[in-house]
Structure formats: C-alpha cells, structure tokens
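Since the structure comes first, as structure tokens, the remarks are kept for the end.
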C-alpha cells in the first residue's frame, strides 16, 4: 500500500478532528478543536479555509437540511453541549451558527463536561459523546484474562448521547431540531471518541480512549437500541502501552480503521478484531479518519500539533507535519456516510 501523503500544504491544525468528505464540493470538512474552527480542505489546491465558532467546535456531521452540524459549547467556557448549523456560503446572522439542538445542559450534573466526537447513524440520528474536564481515570488489568477494568474508586462521569429529529415551533413556523437522550448502555465514559457502524448496520463500534479498547455493540437500526457489549479489540498494548485508539471508520469489506493517538499509526482490523495492516504515520498523534475522494477509496487522516505538556505547546519542531491532513490510497471504499434528519 502507498505511503501516506500530506495534502494540506503548509496548513497545520492544532487539534484536527472529525474529518468528513463532501463529494458535492470535492472537499474535506473537519474541525480544529483547539482553535474552535470549522475547516474545509480543497483537495485539488490543498487550500484550507476556516470559519470560527465562539463557543468551541468538537465534531462535524452532514445535515439533510443543508450545510453541516457542529457540536459546540453553550458559552465562552465551551462547556455544555449543543449542535449548531454551519454553512460556508452564509455569514453570521444569516443562518451561520443557528442552534438546532442541545446535547446536554451545562447546568446539570455534567457541568464542566464538553462535547467530543460524533457520527450519524443510517436513520439520521446524531450520536455525540462527551469528555471529562480533567480525565485522569485509573485502570487495572486482570492478570489471568488480561481484561481491563476501571478502578471503581475513580469512576468516569462523561457519557454518550443520541439526538433524534423533532419539530419545534419558532418565529418562522415549524423547525426541525434535535432532541437528545443519554445512552445508558454505554458508560461511564472518560473521553468519548470514535463512533462508526458496520456495513450491515448491525454493529456499532465505539471508543472511550483511555480504556484502550474499541468496543462493539449489537445495534438495532430501527430503534437505535444497543445490546451485547463486547471488546472488539485492544489498541496500544494495554494500560501501560504506547498509544490509544481515537477516531474510527469502517470500509465496505467490514474492516475497521483506527487512528492511534500517541502511536504514530493507523491500524486496520478485520471484522473479527484481528489486526491485518499497520499504516505508519509521520506524526505521533493521528486523530481521526474518513474515506473519500472521487472513488471513495482515499483515506483522509487528521492530526494534532498541540501539546499541553510542552512549554511551547507544540510538537512542530520535532514533527514538522504534525497537524497536517494526510491521504492514503487504499484498496477499499468506505461505507456510506449519512446525514442528520435535522
């Protein structure tokens, strides 16, 4: 398989995430969480245009009502969670940044939590997870089974939510909005990340990054109900190993592709969770990935250049390509990416 190539020119995100291929514009849309921007990469020219959002930007999904939906906060603290509509053809005050649904209330028991990664299921529901303000969970490993479990004295408090379309009366009549509910079958959660579905829509793949696990749930596409939780695969060599799973996407051959944060790699697993390919990356922190391109066989990968533990808050001196967007030609097409119904 060919090597990955930088396709974003000189552009470097601080924390690129949530890539989304838009075939109508031949572009890749993503967010920079650290700078609170929605970004669009024109693949032909390698030019990146950005639009700021005042209260954060954690993930972006397609909307059947036009434009994109971006998960953001409710105020300058970026806490709380809501979805806003973003259209690159509109300006602020002209539909750009209209609120279309709250994920959770900043004043409730999840105060201090922020939205993170998200995805849309085949029925147009939007699934979004949250992360704790200072996620420092402890994990223990069973010596016999090798299974990981959280230290019950340090239980995480983040969650996974699902937003469904509903109708709301407003100044201009009926308006489609998203109404959310917490998914009790998943959690407790520390840092909710990748969400994806198998080609037959019967399995949901889910990442809570610090657990090192990609989990799989039986998924009822009609009701959205989850059951039969299991560990699909463990990424990063266990609790003390290098790297952890971040974003995920799925191909038509049922392979599951995982970006490994702090791992310099993207991993490809078969439908049984067995590792079948390792893609070496020129950056330590690939963050998320999405299939796209003219034939749907190009894997686009976002990355991170921000390092909170560094005095200069950047790894660009050590990794000049950190924060770039990469592309990899593959032998498979990605599964269909759906649009929200609101």
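Glycine too: its Cβ is placed from the backbone N, Cα and C atoms.
246 is the only one of 220, 228, 246 that TrEMBL places in the divalent metal cation site (with 17, 193). Between the candidate binding-site residues, 116, 193, the densest Cβ environment within 10 Å is the one around 193. Taking the Cα atom of each, residue 246 (active site, proton donor/acceptor) and residue 193 (divalent metal cation binding site) are about 6 angstrom apart.
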